[in-house]
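What TrEMBL records for this protein:
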BINDING   34, 35, 36, 37, 38, 39, 40, 41  ATP binding site
DOMAIN    13-273  domain 'UvrD-like helicase ATP-binding'
């Protein structure tokens, strides 16, 4: 039975936003352009609740939501009415599910999530004697050969699936190749019809950041004849091109392959209500225009300094002032890359630590963890991947060394247990969060004042106050991204060719992480084009 009261409550919540109401109430599939802070996640949750409460489907499990992070997955799950259960996966999780359900039957792959094998050495020792471990590994190696043979026997006559075969040159089953194998199962064993009939509604979040493999996987389970498909994202936040994200190409692909013709553009910034000057600055950056007038104030500053020490002291003083007025204020210092934290002599971190002597930070270990998280992929994540590569020599080396990294993971997890419990976060998702390198997205929920991280790690999160320091030549943007910086003439406004460069969009992502205050700083005689561009888009 339709619950009219709940439906009315859902629509009432969005009554002052006609674009969001259009998305929630419409049955026509669409692409929704959602700039940072425009209420996309809340709107998506209301759409899911609206479909369920209006009985457009009988079973909530016939709704599939595809995200790019486990944090987004948790957020959506926690806010659904009456704990309604819909299928929410990131693309790797979806592919893993396909392998778990169908891999054994069709390819004799007994796939399990790798986090269940993180203590492989101990498990083997408990169950078997040393002489039997070698036999187990030999059997493991034989199974690899069998699976590899199956890969070689498959004929790839479809161009788009030829891409899958070409990229996966080694024919190995590892973390990254789970999606490859899932695509093969769907295409060549005809199980895609199962999934096309399984879901009535499919939602794809952050669609600009999906890559071609994600898109092929989606095409394998979604069809306009079977499903209504909705996409949400913002091509102006396409900062994952280094990971082969489709970026601006996504709009044309959606029109061609999913017949998406309706485009909804959200208009209202909820993150910066009451901070019109920062909101207008974000719009000017986004629109590459100076249409909206902007004035600087105490909590919105764009400043250059005589030297690096003065810049750091300014940041230090501002943070101390903020925290003295509001001890619970959440603050982020955002840099374009981890390398931005090093000067020519690789002593920038040491300088920051020596100057920040009076800065009160609740948990310095947490900041160290954030800095360490930039190396998580190289230090820990690669070890996890090595085990899943199913390469005999790598398995042995990984087993011998894995206990060290396992201890690091345990230590990292323990530090978050209380935080997760305090804020109602499901602790069981933390393993997956670390695995997906989304740990940083939980930072705003933790009892920590200051977070130092790079912009890519900050995407999807928000803080009360954001500092963007070192907007200097060669730092932001880095030299190879800006020809003018190399020629030492980057004191002009960014031209239209650079407008769609990833560094410009990364700058937009950085300035849209704030809810209350924004500080952009550089050193005089060394400021980059981004700094001068920012000044020219405001009234000073």
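Cβ coordinates are placed from backbone N, Cα and C, and glycine is handled just like the others.
Keep in mind that TrEMBL annotations are predicted by a computer and have not been checked by a curator.
Model, not experiment: these values are computed from the prediction.
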- For the ATP site given as 34, 35, 36, 37, 38, 39, 40, 41, which other residues of the same chain have their Cβ within 8 Å of the site's Cβ centre? 234, 266, 269, 270, 271
- Task: Taking the Cβ of residue 41 (ATP binding site) as the reference point, list residues of the same chain whose Cβ is under 8 angstroms away and which are at least six residues distant in sequence.
- Result: 72, 75, 76, 205
- Close in space, distant in sequence - residue 36 (ATP binding site), Cβ under 8 Å, 6 or more apart: 234, 237, 271, 282, 508, 509, 512, 513
- Message: So, three-state DSSP: helix, strand or coil for residue 35 (ATP binding site)?
- Response: coil
- Overall pLDDT for the domain 'UvrD-like helicase ATP-binding' (13-273), taken as the rounded mean: 78
